[in-house]
Every structure is written in structure tokens, then in C-alpha cells.
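Below is one structure, written out as C-alpha cells; the observations come after it.
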């Protein structure tokens with residue numbers, strides 16, 4: 001049991017590095033999609049605010065990655 005706990009504690013730095021890399025990739029793609037769809041929002045071509053702000057963009061990308069409650073047509 002102690003070996004299991006020590007093994008779990010030893011992987012925390014590696015898992016945190018992977019988590020930070022995932023957050024960085026999510027941030028980069030969120031900003032990229034915001035810039036990509038910016039002109040479409042300004043011209044009024046898009047009604048739904050999926051990529052209008054950084055929060056909405058990151059939230060939409062997380063939904064797309066996990067396939068949780070993605071309802072594109074309502």
C-alpha cells in the first residue's frame with residue numbers, strides 16, 4: 001500500500017507538466033479560433049457566441065474534445 005502511495009506521489013510533477021501543456025494548447029487554439037471567427041461576428045454572419053470571447057472559445061473547445069453536450073443545432 002505504501003509503495004502505491006509513493007508511486008502516485010512520484011508522478012505528480014509529470015502529470016502537472018502534462019496538464020500545463022494541455023492548458024497551453026487549449027489557450028493557443030482558443031485565441032486562434034477567436035481571431036479566425038472575429039470577422040464573421042463583426043459582419044453578423046454568426047449568431048451563436050461559440051468563439052466570441054476567450055471563455056466561450058475555451059469552453060467550446062473543451063466541449064468538442066470531450067463530446068459533452070455539444071448541440072450545434074437547437
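Yeah, the Cβs are placed from backbone N, Cα and C, and that goes for glycine too.
Given the structure is predicted, the values throughout are model-derived calculations rather than measurements.
As annotated by TrEMBL, domain 'Ion transport' applies to 3-68.
Summarising the annotation, TrEMBL assigns transmembrane segment to 12-34 (among others). Counting residues 6+ beyond its ends, the transmembrane segment (12-34) has Cβ neighbours under 8 Å at 51-54, 57-58, 60-62 in the same chain.
Beyond the ends of the transmembrane segment (54-72), by six or more residues, the same chain brings 26-27, 29-31, 33-34 to within a C-beta distance below 8 angstroms of the stretch. Sequence annotations record features per position, and here TrEMBL assigns transmembrane segment to 54-72 (among others).
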- Write out how many residues of the domain 'Ion transport' (3-68) are helix, how many strand and how many coil, based on DSSP. 52 helix, 0 strand, 14 coil
